[in-house]
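Novice: My structure is below; once you've seen it, I'll send some questions.
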Amino acid sequence: MTSFVSFLPELVLLAGALALFVVTLGQNNVRLARILSVATASGVLVAALATVNHSAVLFSGAYRVDAFSQLLKIAIAFGYLCVGILSGQLRDIRGEAKPEYFLFLALSMTGLLALVSSIDVITLIIALELSSFPLYLMVAMRREREGQRVQMESAIKYIMFGIAANGVMFFGFGYLYGLTGSTSLPVILEKLPPLLSSPLAVTGLALTLAGFLYKLAVFPFHFWTPDVYQGSSNETASLIASLPKLGAVAVLVRFVSLAAPGHETLATLLTCLAIASMVYGNLIALVQTDLKRLLGFSGIAHAGYVMVGFVAMDNFGFASALYYIAGYMLMVLACFVVVCQVSRDGANVAITELAGLHKRSPLLAVTLIVGVFALAGVPPFVGFMAKLNLLTSAWQAGHTALVVLTVINSAIAIYYYLQIVRAAFFAESDAQPAPIALTPSMSALCVLLIVAITLLGVAPAFTIDAITNSLATISTVSS
(Lines of atoms letter the chains of each structure in order from A and count residues from 1; the text may use other names and numbers.)
(Lines give C-alpha, C1' and ligand atoms only; values in the text may rest on other atoms or scores of the structure.)
Protein backbone atom coordinates (compact mmCIF):
# COMPACT_ATOMS: atom_id res chain seq x y z
CA MET A 1 0.00 0.00 0.00
CA THR A 2 2.89 2.35 0.80
CA SER A 3 4.39 1.71 -2.64
CA PHE A 4 1.04 2.42 -4.27
CA VAL A 5 0.71 5.77 -2.47
CA SER A 6 4.31 6.73 -3.27
CA PHE A 7 3.59 6.15 -6.96
CA LEU A 8 0.40 8.23 -6.81
CA PRO A 9 1.53 11.23 -8.95
CA GLU A 10 2.49 8.92 -11.80
CA LEU A 11 -0.75 6.95 -11.46
CA VAL A 12 -2.85 10.12 -11.58
CA LEU A 13 -0.99 11.28 -14.68
CA LEU A 14 -1.32 7.89 -16.38
CA ALA A 15 -5.05 7.88 -15.64
CA GLY A 16 -5.34 11.36 -17.12
CA ALA A 17 -3.36 10.32 -20.21
CA LEU A 18 -5.65 7.31 -20.66
CA ALA A 19 -8.72 9.53 -20.41
CA LEU A 20 -7.22 11.91 -22.97
CA PHE A 21 -6.51 8.97 -25.26
CA VAL A 22 -10.17 7.96 -25.10
CA VAL A 23 -11.18 11.54 -25.96
CA THR A 24 -8.97 11.50 -29.06
CA LEU A 25 -10.80 8.41 -30.35
CA GLY A 26 -14.11 10.25 -30.60
CA GLN A 27 -15.12 13.53 -32.14
CA ASN A 28 -12.77 16.51 -32.13
CA ASN A 29 -13.74 17.62 -28.61
CA VAL A 30 -11.03 20.17 -27.86
CA ARG A 31 -12.85 21.70 -24.90
CA LEU A 32 -13.13 18.36 -23.07
CA ALA A 33 -9.46 17.58 -23.77
CA ARG A 34 -8.44 20.97 -22.39
CA ILE A 35 -10.50 20.50 -19.22
CA LEU A 36 -9.09 17.00 -18.71
CA SER A 37 -5.55 18.29 -19.19
CA VAL A 38 -5.89 21.02 -16.55
CA ALA A 39 -7.69 18.63 -14.19
CA THR A 40 -4.93 16.05 -14.63
CA ALA A 41 -2.23 18.63 -13.93
CA SER A 42 -4.09 19.77 -10.81
CA GLY A 43 -4.45 16.17 -9.64
CA VAL A 44 -0.75 15.48 -10.18
CA LEU A 45 0.17 18.60 -8.20
CA VAL A 46 -2.07 17.57 -5.29
CA ALA A 47 -0.70 14.00 -5.39
CA ALA A 48 2.90 15.24 -5.44
CA LEU A 49 2.26 17.51 -2.46
CA ALA A 50 0.55 14.67 -0.59
CA THR A 51 3.49 12.29 -1.14
CA VAL A 52 6.35 14.73 -0.60
CA ASN A 53 7.51 12.92 2.55
CA HIS A 54 7.11 9.41 1.14
CA SER A 55 9.99 7.14 0.21
CA ALA A 56 10.04 3.79 -1.55
CA VAL A 57 12.11 1.71 -3.94
CA LEU A 58 10.01 0.23 -6.73
CA PHE A 59 10.37 -2.04 -9.76
CA SER A 60 13.21 -4.18 -8.41
CA GLY A 61 15.33 -1.21 -7.41
CA ALA A 62 15.04 0.67 -10.72
CA TYR A 63 12.76 3.44 -9.45
CA ARG A 64 13.18 5.42 -6.26
CA VAL A 65 10.71 7.74 -4.56
CA ASP A 66 12.52 10.07 -2.15
CA ALA A 67 12.56 13.70 -1.05
CA PHE A 68 14.67 14.67 -4.06
CA SER A 69 12.33 13.15 -6.64
CA GLN A 70 9.12 14.28 -4.95
CA LEU A 71 10.27 17.88 -4.64
CA LEU A 72 11.04 17.93 -8.34
CA LYS A 73 7.68 16.35 -9.13
CA ILE A 74 5.97 19.24 -7.35
CA ALA A 75 7.86 21.69 -9.57
CA ILE A 76 7.08 19.66 -12.71
CA ALA A 77 3.40 19.38 -11.79
CA PHE A 78 3.20 23.13 -11.18
CA GLY A 79 4.82 23.80 -14.54
CA TYR A 80 2.47 21.30 -16.19
CA LEU A 81 -0.50 23.15 -14.73
CA CYS A 82 0.83 26.48 -16.02
CA VAL A 83 1.39 25.08 -19.52
CA GLY A 84 -2.06 23.47 -19.46
CA ILE A 85 -3.70 26.81 -18.68
CA LEU A 86 -1.49 28.57 -21.21
CA SER A 87 -2.60 26.11 -23.90
CA GLY A 88 -6.22 27.17 -23.56
CA GLN A 89 -6.64 28.40 -27.13
CA LEU A 90 -3.90 26.74 -29.21
CA ARG A 91 -4.41 29.28 -32.00
CA ASP A 92 -1.61 27.91 -34.15
CA ILE A 93 -2.17 24.15 -33.74
CA ARG A 94 -3.99 22.34 -36.53
CA GLY A 95 -7.65 21.93 -35.56
CA GLU A 96 -7.81 18.18 -35.99
CA ALA A 97 -4.67 17.70 -33.86
CA LYS A 98 -5.66 19.74 -30.81
CA PRO A 99 -7.02 16.83 -28.68
CA GLU A 100 -3.87 14.82 -29.47
CA TYR A 101 -1.79 17.82 -28.41
CA PHE A 102 -3.05 17.49 -24.83
CA LEU A 103 -2.48 13.72 -24.93
CA PHE A 104 1.14 14.16 -25.99
CA LEU A 105 1.58 16.84 -23.33
CA ALA A 106 0.46 14.35 -20.66
CA LEU A 107 2.75 11.62 -22.04
CA SER A 108 5.74 13.95 -22.03
CA MET A 109 5.02 14.90 -18.41
CA THR A 110 4.80 11.20 -17.53
CA GLY A 111 8.31 10.77 -18.88
CA LEU A 112 9.59 13.73 -16.85
CA LEU A 113 8.07 12.40 -13.63
CA ALA A 114 9.69 9.03 -14.28
CA LEU A 115 12.99 10.69 -15.18
CA VAL A 116 13.52 12.27 -11.76
CA SER A 117 12.83 8.96 -9.97
CA SER A 118 14.83 6.65 -12.23
CA ILE A 119 17.93 5.16 -10.61
CA ASP A 120 18.66 2.57 -13.28
CA VAL A 121 20.06 3.19 -16.75
CA ILE A 122 17.25 1.25 -18.44
CA THR A 123 14.43 3.14 -16.73
CA LEU A 124 16.33 6.37 -17.28
CA ILE A 125 16.49 5.77 -21.02
CA ILE A 126 12.81 4.82 -21.21
CA ALA A 127 11.79 7.91 -19.23
CA LEU A 128 13.99 10.17 -21.36
CA GLU A 129 12.52 8.85 -24.60
CA LEU A 130 8.97 9.06 -23.24
CA SER A 131 9.51 12.70 -22.33
CA SER A 132 11.15 13.52 -25.68
CA PHE A 133 9.17 11.86 -28.48
CA PRO A 134 5.83 13.57 -27.72
CA LEU A 135 7.65 16.91 -27.94
CA TYR A 136 8.92 16.06 -31.42
CA LEU A 137 5.34 15.45 -32.55
CA MET A 138 4.00 18.57 -30.81
CA VAL A 139 6.45 20.75 -32.74
CA ALA A 140 5.17 19.31 -36.02
CA MET A 141 1.53 20.02 -35.09
CA ARG A 142 1.82 23.71 -35.88
CA ARG A 143 -0.30 24.65 -38.88
CA GLU A 144 1.24 25.83 -42.13
CA ARG A 145 1.45 29.53 -42.95
CA GLU A 146 1.49 30.89 -46.50
CA GLY A 147 2.83 27.68 -47.95
CA GLN A 148 5.75 27.58 -45.51
CA ARG A 149 6.37 24.45 -43.49
CA VAL A 150 8.74 25.89 -40.93
CA GLN A 151 7.22 23.66 -38.25
CA MET A 152 8.33 20.54 -40.15
CA GLU A 153 11.85 21.91 -40.54
CA SER A 154 11.97 22.61 -36.80
CA ALA A 155 10.58 19.18 -35.94
CA ILE A 156 13.13 17.44 -38.17
CA LYS A 157 16.00 19.42 -36.62
CA TYR A 158 14.71 18.65 -33.14
CA ILE A 159 14.39 14.94 -33.92
CA MET A 160 17.75 14.59 -35.67
CA PHE A 161 19.72 16.45 -33.01
CA GLY A 162 17.80 14.58 -30.31
CA ILE A 163 18.50 11.17 -31.80
CA ALA A 164 22.18 12.02 -32.27
CA ALA A 165 22.49 13.25 -28.67
CA ASN A 166 20.71 10.16 -27.36
CA GLY A 167 23.00 7.90 -29.40
CA VAL A 168 26.06 9.55 -27.88
CA MET A 169 24.53 9.23 -24.42
CA PHE A 170 23.76 5.52 -24.91
CA PHE A 171 27.35 4.99 -26.01
CA GLY A 172 28.49 6.62 -22.77
CA PHE A 173 26.14 4.40 -20.78
CA GLY A 174 27.80 1.43 -22.47
CA TYR A 175 31.19 2.54 -21.17
CA LEU A 176 29.83 2.98 -17.64
CA TYR A 177 28.20 -0.44 -17.75
CA GLY A 178 31.41 -2.03 -18.99
CA LEU A 179 33.46 -0.41 -16.22
CA THR A 180 31.08 -1.10 -13.33
CA GLY A 181 29.23 -4.21 -14.51
CA SER A 182 25.84 -2.76 -13.59
CA THR A 183 23.06 -0.55 -14.95
CA SER A 184 22.04 0.52 -11.45
CA LEU A 185 22.98 4.09 -10.57
CA PRO A 186 23.57 3.19 -6.89
CA VAL A 187 26.13 0.59 -7.96
CA ILE A 188 27.70 3.02 -10.41
CA LEU A 189 27.76 5.60 -7.58
CA GLU A 190 29.75 3.16 -5.49
CA LYS A 191 32.15 1.82 -8.13
CA LEU A 192 32.83 4.71 -10.49
CA PRO A 193 34.65 7.35 -8.35
CA PRO A 194 37.82 5.25 -7.90
CA LEU A 195 37.84 4.65 -11.67
CA LEU A 196 37.65 8.30 -12.70
CA SER A 197 41.41 8.41 -13.26
CA SER A 198 40.78 6.07 -16.20
CA PRO A 199 40.29 7.74 -19.62
CA LEU A 200 37.46 5.30 -20.35
CA ALA A 201 35.58 6.38 -17.23
CA VAL A 202 35.96 10.07 -18.05
CA THR A 203 34.92 9.41 -21.65
CA GLY A 204 31.89 7.40 -20.55
CA LEU A 205 30.76 10.05 -18.10
CA ALA A 206 31.31 12.85 -20.63
CA LEU A 207 29.35 11.06 -23.37
CA THR A 208 26.55 10.30 -20.93
CA LEU A 209 26.34 13.91 -19.85
CA ALA A 210 26.12 15.02 -23.49
CA GLY A 211 22.56 13.76 -23.84
CA PHE A 212 21.36 15.77 -20.87
CA LEU A 213 23.36 18.84 -21.88
CA TYR A 214 21.44 18.69 -25.16
CA LYS A 215 18.13 18.87 -23.27
CA LEU A 216 19.49 21.82 -21.31
CA ALA A 217 20.75 23.52 -24.53
CA VAL A 218 24.30 23.94 -23.26
CA PHE A 219 26.91 25.00 -25.84
CA PRO A 220 27.86 23.16 -28.11
CA PHE A 221 24.64 21.11 -27.90
CA HIS A 222 22.49 24.18 -28.48
CA PHE A 223 22.07 24.29 -32.27
CA TRP A 224 18.44 23.22 -32.26
CA THR A 225 17.23 25.78 -29.73
CA PRO A 226 16.47 29.04 -31.62
CA ASP A 227 15.10 27.29 -34.71
CA VAL A 228 12.83 24.98 -32.70
CA TYR A 229 11.56 27.87 -30.58
CA GLN A 230 10.81 29.91 -33.70
CA GLY A 231 9.29 27.06 -35.71
CA SER A 232 7.05 25.57 -33.02
CA SER A 233 3.81 27.07 -31.77
CA ASN A 234 4.06 29.55 -28.92
CA GLU A 235 2.58 27.08 -26.43
CA THR A 236 4.93 24.29 -27.51
CA ALA A 237 7.92 26.63 -27.29
CA SER A 238 6.92 27.56 -23.74
CA LEU A 239 6.94 23.87 -22.82
CA ILE A 240 10.27 23.09 -24.49
CA ALA A 241 11.87 26.15 -22.90
CA SER A 242 10.94 25.21 -19.35
CA LEU A 243 10.01 21.76 -18.07
CA PRO A 244 12.46 19.45 -19.92
CA LYS A 245 15.33 21.57 -18.60
CA LEU A 246 14.18 20.93 -15.04
CA GLY A 247 14.33 17.19 -15.66
CA ALA A 248 17.73 17.47 -17.33
CA VAL A 249 19.23 19.35 -14.37
CA ALA A 250 17.81 16.77 -11.96
CA VAL A 251 19.53 13.92 -13.80
CA LEU A 252 22.73 15.94 -14.17
CA VAL A 253 22.81 16.32 -10.39
CA ARG A 254 22.66 12.54 -10.01
CA PHE A 255 25.48 12.00 -12.50
CA VAL A 256 27.83 14.82 -11.56
CA SER A 257 27.53 13.74 -7.93
CA LEU A 258 29.14 10.45 -9.02
CA ALA A 259 32.44 12.25 -9.26
CA ALA A 260 34.45 12.90 -6.14
CA PRO A 261 34.39 16.53 -4.92
CA GLY A 262 37.19 18.52 -6.48
CA HIS A 263 37.59 16.26 -9.53
CA GLU A 264 39.59 18.71 -11.64
CA THR A 265 38.98 17.21 -15.09
CA LEU A 266 35.21 17.29 -14.80
CA ALA A 267 35.24 20.70 -13.10
CA THR A 268 37.35 22.13 -15.93
CA LEU A 269 35.01 20.66 -18.54
CA LEU A 270 31.95 22.13 -16.82
CA THR A 271 33.69 25.52 -16.49
CA CYS A 272 34.41 25.63 -20.22
CA LEU A 273 30.81 24.68 -21.04
CA ALA A 274 29.47 27.35 -18.70
CA ILE A 275 31.65 30.12 -20.15
CA ALA A 276 30.98 29.15 -23.77
CA SER A 277 27.22 28.98 -23.20
CA MET A 278 27.04 32.33 -21.42
CA VAL A 279 29.18 34.20 -23.94
CA TYR A 280 27.59 32.71 -27.05
CA GLY A 281 24.00 32.96 -25.86
CA ASN A 282 24.25 36.55 -24.66
CA LEU A 283 26.17 37.91 -27.65
CA ILE A 284 23.83 36.38 -30.23
CA ALA A 285 20.76 37.45 -28.25
CA LEU A 286 21.86 41.08 -28.56
CA VAL A 287 20.91 41.23 -32.26
CA GLN A 288 17.63 39.30 -32.21
CA THR A 289 14.37 40.93 -33.27
CA ASP A 290 12.06 37.93 -32.88
CA LEU A 291 11.06 37.51 -29.23
CA LYS A 292 11.06 33.70 -29.27
CA ARG A 293 14.51 33.55 -30.88
CA LEU A 294 15.76 36.01 -28.28
CA LEU A 295 14.40 33.79 -25.51
CA GLY A 296 16.04 30.82 -27.23
CA PHE A 297 19.52 32.36 -27.22
CA SER A 298 18.87 33.72 -23.75
CA GLY A 299 18.07 30.15 -22.70
CA ILE A 300 21.51 29.05 -23.88
CA ALA A 301 23.07 31.71 -21.67
CA HIS A 302 20.94 30.65 -18.72
CA ALA A 303 22.05 27.05 -19.26
CA GLY A 304 25.57 28.39 -18.80
CA TYR A 305 24.54 30.03 -15.53
CA VAL A 306 23.14 26.70 -14.33
CA MET A 307 26.45 25.00 -15.12
CA VAL A 308 28.20 27.46 -12.78
CA GLY A 309 26.46 25.69 -9.90
CA PHE A 310 27.79 22.32 -11.04
CA VAL A 311 31.38 23.54 -11.17
CA ALA A 312 31.49 23.69 -7.35
CA MET A 313 30.68 19.94 -7.28
CA ASP A 314 29.12 20.07 -3.83
CA ASN A 315 25.58 20.01 -2.49
CA PHE A 316 25.36 23.78 -2.16
CA GLY A 317 26.25 24.16 -5.83
CA PHE A 318 23.78 21.47 -6.88
CA ALA A 319 21.04 23.05 -4.75
CA SER A 320 21.80 26.44 -6.31
CA ALA A 321 21.53 24.96 -9.81
CA LEU A 322 18.19 23.31 -9.01
CA TYR A 323 16.87 26.49 -7.42
CA TYR A 324 17.96 28.48 -10.45
CA ILE A 325 16.36 26.18 -13.01
CA ALA A 326 13.11 26.05 -11.02
CA GLY A 327 13.07 29.84 -10.96
CA TYR A 328 13.96 29.95 -14.65
CA MET A 329 10.94 27.77 -15.41
CA LEU A 330 8.69 30.40 -13.82
CA MET A 331 10.48 33.33 -15.47
CA VAL A 332 10.36 31.96 -18.99
CA LEU A 333 6.75 30.83 -18.61
CA ALA A 334 5.83 34.39 -17.59
CA CYS A 335 7.44 35.69 -20.78
CA PHE A 336 5.68 33.09 -22.93
CA VAL A 337 2.31 33.98 -21.41
CA VAL A 338 2.83 37.43 -22.90
CA VAL A 339 3.99 35.98 -26.23
CA CYS A 340 0.89 33.80 -26.51
CA GLN A 341 -1.50 36.64 -25.69
CA VAL A 342 0.14 39.33 -27.82
CA SER A 343 0.47 37.02 -30.82
CA ARG A 344 -2.07 37.55 -33.57
CA ASP A 345 -3.53 34.20 -34.57
CA GLY A 346 -0.61 32.31 -33.02
CA ALA A 347 2.08 33.93 -35.18
CA ASN A 348 5.57 34.66 -33.88
CA VAL A 349 6.00 37.97 -32.07
CA ALA A 350 8.60 40.58 -32.97
CA ILE A 351 9.90 42.74 -30.14
CA THR A 352 8.42 45.81 -31.86
CA GLU A 353 4.94 44.26 -31.58
CA LEU A 354 5.11 44.78 -27.82
CA ALA A 355 4.68 48.52 -28.36
CA GLY A 356 1.94 49.97 -26.18
CA LEU A 357 1.50 46.77 -24.17
CA HIS A 358 1.07 48.71 -20.92
CA LYS A 359 -2.03 50.30 -22.43
CA ARG A 360 -3.40 47.20 -24.14
CA SER A 361 -3.17 45.03 -21.02
CA PRO A 362 -1.60 46.36 -17.80
CA LEU A 363 -1.57 42.87 -16.24
CA LEU A 364 0.35 41.41 -19.19
CA ALA A 365 2.78 44.33 -19.03
CA VAL A 366 3.44 43.69 -15.34
CA THR A 367 3.84 39.96 -16.03
CA LEU A 368 6.37 40.73 -18.76
CA ILE A 369 8.41 43.16 -16.69
CA VAL A 370 8.52 40.74 -13.74
CA GLY A 371 9.60 37.86 -15.98
CA VAL A 372 12.19 39.91 -17.86
CA PHE A 373 13.64 41.58 -14.76
CA ALA A 374 13.87 38.16 -13.09
CA LEU A 375 15.72 36.78 -16.12
CA ALA A 376 18.07 39.76 -15.95
CA GLY A 377 18.78 39.07 -12.27
CA VAL A 378 17.20 42.23 -10.90
CA PRO A 379 16.13 42.14 -7.22
CA PRO A 380 13.83 41.33 -5.53
CA PHE A 381 12.84 38.57 -7.98
CA VAL A 382 13.92 34.94 -7.95
CA GLY A 383 16.49 35.45 -10.71
CA PHE A 384 18.60 37.68 -8.46
CA MET A 385 18.70 35.33 -5.48
CA ALA A 386 19.22 32.27 -7.66
CA LYS A 387 22.13 33.88 -9.50
CA LEU A 388 23.61 35.12 -6.22
CA ASN A 389 23.60 31.57 -4.86
CA LEU A 390 25.29 30.27 -8.03
CA LEU A 391 28.01 32.90 -7.75
CA THR A 392 28.48 32.18 -4.05
CA SER A 393 28.89 28.44 -4.66
CA ALA A 394 31.49 29.03 -7.38
CA TRP A 395 33.31 31.65 -5.27
CA GLN A 396 33.51 29.35 -2.26
CA ALA A 397 34.93 26.61 -4.51
CA GLY A 398 37.69 28.96 -5.64
CA HIS A 399 36.50 29.68 -9.20
CA THR A 400 37.04 33.43 -9.05
CA ALA A 401 37.54 33.92 -12.79
CA LEU A 402 34.28 32.11 -13.53
CA VAL A 403 32.43 34.36 -11.08
CA VAL A 404 33.81 37.48 -12.77
CA LEU A 405 32.86 36.23 -16.24
CA THR A 406 29.37 35.35 -15.03
CA VAL A 407 28.87 38.86 -13.65
CA ILE A 408 30.08 40.39 -16.93
CA ASN A 409 27.70 38.22 -18.94
CA SER A 410 24.83 39.13 -16.64
CA ALA A 411 25.57 42.79 -17.30
CA ILE A 412 25.55 42.19 -21.07
CA ALA A 413 22.19 40.43 -20.82
CA ILE A 414 20.59 43.43 -19.13
CA TYR A 415 20.88 45.36 -22.41
CA TYR A 416 18.65 43.11 -24.49
CA TYR A 417 16.22 42.53 -21.64
CA LEU A 418 15.81 46.30 -21.30
CA GLN A 419 15.07 46.44 -25.02
CA ILE A 420 12.00 44.30 -24.35
CA VAL A 421 10.92 46.54 -21.48
CA ARG A 422 11.48 49.66 -23.58
CA ALA A 423 9.30 48.28 -26.38
CA ALA A 424 6.48 47.36 -24.00
CA PHE A 425 6.42 50.53 -21.89
CA PHE A 426 7.97 53.38 -23.86
CA ALA A 427 7.50 52.62 -27.57
CA GLU A 428 4.28 53.71 -29.26
CA SER A 429 2.62 51.76 -32.04
CA ASP A 430 1.91 53.53 -35.36
CA ALA A 431 -1.63 52.14 -35.42
CA GLN A 432 -4.02 52.13 -32.50
CA PRO A 433 -3.67 48.56 -31.15
CA ALA A 434 -6.73 46.86 -29.77
CA PRO A 435 -6.87 46.06 -26.04
CA ILE A 436 -5.99 42.47 -25.14
CA ALA A 437 -8.83 40.75 -23.30
CA LEU A 438 -7.63 38.07 -20.89
CA THR A 439 -9.75 35.14 -19.81
CA PRO A 440 -10.17 34.63 -16.04
CA SER A 441 -7.88 31.59 -16.15
CA MET A 442 -5.18 33.53 -18.00
CA SER A 443 -5.43 36.44 -15.57
CA ALA A 444 -5.11 33.99 -12.68
CA LEU A 445 -2.03 32.44 -14.33
CA CYS A 446 -0.41 35.87 -14.68
CA VAL A 447 -1.02 36.68 -11.02
CA LEU A 448 0.20 33.24 -9.95
CA LEU A 449 3.48 33.60 -11.85
CA ILE A 450 4.05 37.15 -10.60
CA VAL A 451 3.52 36.05 -6.99
CA ALA A 452 5.69 32.92 -7.35
CA ILE A 453 8.59 34.78 -9.00
CA THR A 454 8.49 37.50 -6.36
CA LEU A 455 7.95 35.23 -3.37
CA LEU A 456 10.82 32.89 -4.29
CA GLY A 457 13.07 35.94 -4.55
CA VAL A 458 11.98 37.65 -1.35
CA ALA A 459 11.81 34.52 0.82
CA PRO A 460 14.09 31.88 -0.73
CA ALA A 461 15.26 30.19 2.46
CA PHE A 462 12.48 27.60 2.67
CA THR A 463 12.92 26.46 -0.93
CA ILE A 464 16.72 26.35 -0.78
CA ASP A 465 16.68 24.43 2.51
CA ALA A 466 14.17 21.93 1.11
CA ILE A 467 16.34 21.36 -1.98
CA THR A 468 19.52 21.04 0.09
CA ASN A 469 17.93 18.53 2.46
CA SER A 470 16.55 16.51 -0.44
CA LEU A 471 20.03 16.18 -1.94
CA ALA A 472 21.05 14.10 1.07
CA THR A 473 18.80 11.31 -0.21
CA ILE A 474 20.95 10.96 -3.34
CA SER A 475 23.98 10.00 -1.28
CA THR A 476 21.94 7.40 0.60
CA VAL A 477 20.71 5.64 -2.53
CA SER A 478 23.34 2.99 -2.29
CA SER A 479 22.57 2.18 1.30
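Quick reminder: no glycine exception, Cβ is built from N, Cα and C everywhere.
Pulled from Swiss-Prot, these are the listed features:
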TRANSMEM  43-63  transmembrane segment
TRANSMEM  67-87  transmembrane segment
TRANSMEM  99-119  transmembrane segment
TRANSMEM  121-141  transmembrane segment
TRANSMEM  201-221  transmembrane segment
TRANSMEM  239-259  transmembrane segment
TRANSMEM  267-287  transmembrane segment
TRANSMEM  294-314  transmembrane segment
TRANSMEM  318-338  transmembrane segment
TRANSMEM  364-384  transmembrane segment
TRANSMEM  401-421  transmembrane segment
TRANSMEM  444-464  transmembrane segment
Novice: Residue list, the transmembrane segment (444-464) vs rest of chain: Cβ under 8 Å, 6 or more residues beyond ends.
Specialist: 82, 85-86, 319-320, 323, 326-327, 330-331, 333-334, 337, 363-364, 366-367, 370-371, 374, 379-386, 389, 438
Novice: Are there residues at least 6 beyond the ends of the transmembrane segment (43-63) whose Cβ is under 8 Å from a Cβ of it, and what are they?
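Specialist: For the transmembrane segment (43-63), the far contacts come to 2-3, 5-9, 11-13, 16, 70-71, 73-74, 76-78, 80-81, 109, 113-114, 117-120, 122-123, 184, 186, 473.
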Novice: Counting only residues 6 or more past its boundaries, what in the same chain has a CB within less than 8 Å of a CB in the transmembrane segment (201-221)?
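Specialist: Answer is 128, 132, 161-162, 165-166, 168-176, 178-179, 192, 195, 244-245, 247-249, 251-252, 255-256, 258-259, 265-266, 269, 273, 276-277, 280-281, 296, 299-300, 303-304, 306-307.
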Novice: Count, for each of 239-259, 364-384, 401-421, the Cβ pairs lying under 8 Å from the transmembrane segment (267-287), and report the range with the highest count.
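Specialist: Answer is 401-421, with the largest number of Cβ pairs below 8 Å.
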Novice: Are the transmembrane segment (401-421) and the transmembrane segment (239-259) close enough that 3 or more Cβ pairs fall under 8 Å, when only pairs 6 or more apart in sequence count?
Specialist: no
Novice: Do any residues, 6 or more residues outside the transmembrane segment (121-141), come within under 8 Å Cβ-to-Cβ of it, and if so which ones?
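Specialist: Result: 59, 62-63, 93-94, 97, 100-101, 104-105, 107-112, 114-115, 151-152, 154-155, 158-159, 162, 166, 170, 173, 176-177, 183-185, 211, 215, 228, 231-233, 236, 239-240, 244, 247, 251.
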Novice: Counting only residues 6 or more past its boundaries, what in the same chain has a CB within less than 8 Å of a CB in the transmembrane segment (294-314)?
Specialist: 216-219, 222, 225-226, 228-230, 237, 241, 245, 249, 252-253, 256, 259, 261-263, 266-267, 270-271, 273-282, 284-285, 288, 320-322, 324-325, 328, 332, 335-336, 351, 375, 387, 389-391, 393-394, 396-397, 399, 402-403, 406, 409-410, 413, 416, 420
